[in-house]
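These come from Swiss-Prot:
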DOMAIN    10-127  domain 'Response regulatory'
BINDING   Asp15, Asp16, Asp60, Asn62  Mg(2+) binding site
MOD_RES   Asp60  4-aspartylphosphate
Amino acid sequence: MEAILNKNMKILIVDDFSTMRRIVKNLLRDLGFNNTQEADDGLTALPMLKKGDFDFVVTDWNMPGMQGIDLLKNIRADEELKHLPVLMITAEAKREQIIEAAQAGVNGYIVKPFTAATLKEKLDKIFERL
C-alpha cells in the first residue's frame, strides 16, 4: 500500500552544492512537492528549522560549517525538532557511515547518484513508518 503523502508539506533541502539542491528540488517537484526551501549547510539549516515549522528534511552528509550527520544529531537532540523525518542523500556509501546515520536516527539514506524512483520509494517508506 502506498503511503498518502501530504504534497503541501514543507521540505528543507540542505546541501552545500547548489546544483544538487536544484536536482533534489526538481525531483521533489516532479513528485508533486512544491513547498521547498534550501540551506547550504547545517549551520544555516538549524536556525531555519527552529523557526520554520518544516515537515521534512533532506540533507547531504559532507558540507562545510556543520555536516549532515551533525545536523541530524542536533535535530534528534532538540525537543521541538526530534520528530522531524530526515532523509540523507549522500555520496557516502561506506557501511560505517550508514550505520552511524541509522544510530543517529536517520529515517532514510540514499547514495548518489540516484533516480526519481529511488527518491519516491524512500519517501513512501519513511511516511509508512511515521
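In case you wondered, yes, glycine gets a Cβ from its N, Cα and C as well.
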Give the sequence-ordered set of same-chain residues, not counting Asp15, Asp16, Asp60, Asn62, with Cβ within 8 Å of the centre of the Cβ atoms defining the Mg(2+) site.
Val14, Phe17, Met20, Asp41, Thr59, Trp61, Met63, Gly68, Thr90
Under 8 Å between C-beta atoms and at least six apart in sequence, can you list the same-chain neighbours of Asp15 (Mg(2+) binding site), or say none if there are none?
Arg21, Val24, Glu38, Asp40, Thr59, Asp60, Met63, Ile89
Simplified to three states, DSSP reports Asp16 (Mg(2+) binding site) as coil
10 Å Cβ neighbour count around Asp16 (Mg(2+) binding site)?
18
The domain 'Response regulatory' (10-127) [mean pLDDT, rounded to integer]
96
If you count other Cβ atoms within 10 Å of each one's Cβ, which of the binding-site residues Asp60, Asn62 has the most?
Asp60
